[in-house]
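Over in TrEMBL, the protein carries these features:
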SITE      19  site 'Transition state stabilizer'
ACT_SITE  24  active site, proton acceptor
BINDING   75, 81, 88, 102, 103, 112  substrate binding site
ACT_SITE  101  active site, proton donor
Ligand code: DQA
């Protein structure tokens, strides 16, 4: 299986570190990318790291991952709770998908309790802060390495 992993971040995550730090912490998306690249070097994964505020761009990257990537890690942000289009795109991808949320969405407003993406994801990590991305990458590596 391909060792390419797409790590996709949805809307407003470009403001990580500045936006509601009491919920999302002080680390920036650049810090997250740096730490994920270091871990991927260790796990021998080829990381493609993206963020967009536009639903269609996330969909296009999922299409690009088809036939190219061994797995997808995605924090769909607010699109988690609204986007059938993202679910459909992920359903057209064959490899493992791990969904990440920095905050514990289940402790928050009830509209955050439902995720369209969870209908597709092999695993969901929520409430572990930005460390959730590292846990997700380790899980993808384990699934890729599974005999
Ligand atoms: C989030 C949780 C979502 O409900 C929210 O809309 C986000 C970020 C998280 O990482 O905790 O933007 O996905």
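Note that Cβ sites are derived from N, Cα and C of the backbone, with glycine treated the same way.
Ranked by how many other Cβ atoms sit within 10 Å of their Cβ, the recorded positions 19, 112 place 19 at the bottom. Residues from the recorded positions list (19, 75, 88, 102, 103, 112) with a C-beta closer than 6 Å to any atom of ligand 1: 75, 102, 103, 112. Counting Cβ atoms from all protein chains shown, residue 24 (active site, proton acceptor) has 19 others lying within 10 Å of its own Cβ. The shortest Cα-Cα distance from residue 75 (substrate binding site) to any of the recorded positions (19, 24, 101) is found for 101. According to its DSSP assignment, residue 112 (substrate binding site) is helical. A distance of 6 Å separates the Cα atom of the residue listed as 'active site, proton acceptor' from that of residue 103 (substrate binding site). Separation of the C-alpha atoms of residue 101 (active site, proton donor) and residue 112 (substrate binding site): 11 Å, rounded to the nearest whole number. Across the residues annotated as binding substrate (75, 81, 88, 102, 103, 112), the widest Cα-Cα separation comes to 24 Å.
Per-site Cβ counts within 10 Å over the binding-site residues 75, 103 peak at 75.
Sequence-distant neighbours of residue 102 (substrate binding site) (same chain, 6+ apart, CB under 8 A from its CB) are 16, 23, 24, 25, 75, 128, 129, 130, 132. Its Cβ placed at the centre, residue 88 (substrate binding site) has 13 other Cβ atoms within 10 Å.
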